[in-house]
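The structure appears right after this line, and notes come after that.
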Amino acid sequence: SHPLLCPPGIKCGGVLSAPSGNFSSPNFPGLYPYETECTWLIVVAEGSSVLLSFSHFELEYHDTCAYDYLQVYNGAARDRGNLLGTFCGHRSPPPFSSAWHVMAVVFRSDRHVAKHGFAAAYRKDACGGQLTGLSGEITSPRYPESYPNDAECRWSIGGASSGGPLTLVFADFQMEGGQGCGFDYVALFDGPTIAAPHLGRYCGSARPPRTISSTPHLLIVFKSDFNIGGRGFKAHFYSAGECQEVFTTIKGNFSSPQYPNFYPNNLKCQWSIQLPPGYRVKVFFLDMELEGRSSLTGGCDYDHLSAFDGGTENGSLLGRWCGRESLAPVTSRSNRLLLVLHTDRNTAKRGFSISYVGVVPMNVSCTRTDFHIQIPVQSLAQLERNRIYLGTPSCAAQVVGRNFKIHTRFDTCGTESQRRNNTSVIVSTLYIDFSVGDQEDIHQYEVQCEPKRKEASVTLIAGPDPSRLSQAENLVDAQQWEGEATDAREIKSQDTSDIVFISICILAGLLMVIAVVGLVLL
């Protein structure tokens with residue numbers, strides 16, 4: 001039989017701007033035509049949202065929906081960051097609530113196997129619905145104007161690819177109060193239905209506490225009675241896992257949600273790195289492609305990644321990046337660093353891949369003949385002293401007071417003489433072995449001494465992934481640590497033999513001056 005081709009003039013796609021309406025696949029309820037592509041753009045008044053639901057759904061099935069499919073976008077179509085889902089087969093998509101006043105639906109069929117298609121309805125300012133993104137915003141009807149009486153809304157959040165717990169944070173909250181919250185209220189459930197465990201019921205003007213679900217689903221129910229209203233509420237949700245992580249290990253790596261595929265729009269994701277006191281955090285940007293700079297301001301006004309020192313957004317800003325850039329590593333000044341990704345409503349890109357390593361606090365100094373290395377024991381409290389060695393395992397650290405110490409001569413412990421920038425330097429490698437079981441994890445620092453000037457420096461040469469680090473970064477420039485060591489911005493030391501030698505020279509000079517003066521007087 002010949003394929004059914006879309007007849008000329010058949011209604012397929014278009015702009016839907018009425019407050020509510022219905023649309024369906026071509027020929028519905030008959031078989032849809034082959035090789036058809038339709039796009040419906042639903043546009044309602046700015047400040048409103050769209051609730052989309054399906055009453056019938058039957059498309060050709062494929063496990064990845066590669067043949068016939070229907071896609072729902074939270075905004076304009078063709079922006080992969082707005083994609084809420086791709087559907088096929090017989091299972092109807094859930095009701096979708098848009099994050100803003102535009103929603104798009106794309107239907108596509110190939111040249112084989114036609115089914116009956118779908119029928120859908122939409123309406124504006126309907127509250128509630130299914131929310132599946134990694135993060136999003138929920139507001140009461142008409143917010144920030146007073147919400148209507150006799151309203152009931154249910155938002156079911158879940159189904160994000162990360163499958164992690166959900167966090168809900170209220171940015172604003174003002175509703176009718178009352179003991180037991182029996183009049184107007186917001187109720188939270190730890191699952192997709194009201195049969196799930198109850199997480200809280202709130203009313204009045206006090207903002208509810210931050211709520212974290214124990215499952216990948218969260219149900220929010222808003223109810224108002226026949227009188228007395230309020231401004232309502234505004235809340236933000238995000239999925240833990242891909243979008244909200246805390247790292248406490250000495251090294252690690254992470255990437256933007258769905259990397260290397262396009263990240264979603266409307267995100268605010270946070271990655272917090274928290275290391276022991278004395279450490280600093282060094283971040284390496286292995287790959288980054290975000291939406292580019294604003295052509296008007298030249299700034300990162302759309303999608304951007306920011307780094308904050310100290311672990312909160314109140315800390316000092318270490319950098320704010322966007323576009324496609326090759327970035328130099330960034331080092332914190334404290335033991336905590338926070339990275340925040342903001343994405344707006346459109347134009348998603350590949351995202352980023354990042355690795356980090358904790359810079360061990362240490363003091364390295366040298367004389368004309370020796371290296372002196374000190375590391376506070378509390379910084380490597382879980383390690384035995386033989387896990388810290390210079391050059392070879394036989395040159396392991398000793399525990400002296402509250403420090404690991406290595407004191408060794410240049411002619412031992414794998415040290416070698418090199419010429420760098422026409423200067424003779426003594427070089428060795430400090431190994432710190434964090435390995436656990438079969439997981440090898442050895443960090444390497446190059447220690448260097450310029451004997452003539454008795455100046456030492458230390459450089460991380462193997463941390464998160466040596467093959468990805470094109471050049472070693474000098475770590476001395478901002479190194480600070482607590483204990484007996486001084487600030488290591490410029491590490492210099494002199495041994496006592498040098499001081500004695502200089503003192504003898506000065507004394508001899510004075511005696512010669514006295515002798516000459518005495519001869520002249522005679």
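From the backbone N, Cα and C atoms, a Cβ is placed for every residue, glycine too.
The shown structure was predicted, so the numbers you read here are calculated from the model rather than taken from an experiment.
Feature list (source: TrEMBL):
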type	residues	note
DOMAIN	12-125	domain 'CUB'
DOMAIN	127-240	domain 'CUB'
DOMAIN	243-359	domain 'CUB'
TRANSMEM	499-521	transmembrane segment
Q. By DSSP, what is the split of the domain 'CUB' (12-125) into helix, strand and coil residues?
A. 3 helix, 54 strand, 57 coil
Q. What does DSSP give as the helix, strand and coil breakdown of the domain 'CUB' (243-359)?
A. 0 helix, 55 strand, 62 coil
Q) the domain 'CUB' (12-125): mean pLDDT? A) 89
Q: Count the residues of the domain 'CUB' (127-240) that DSSP assigns to helix (H, G, I), to strand (E, B) and to coil, and report the three numbers in that order.
A: 3 helix, 51 strand, 60 coil
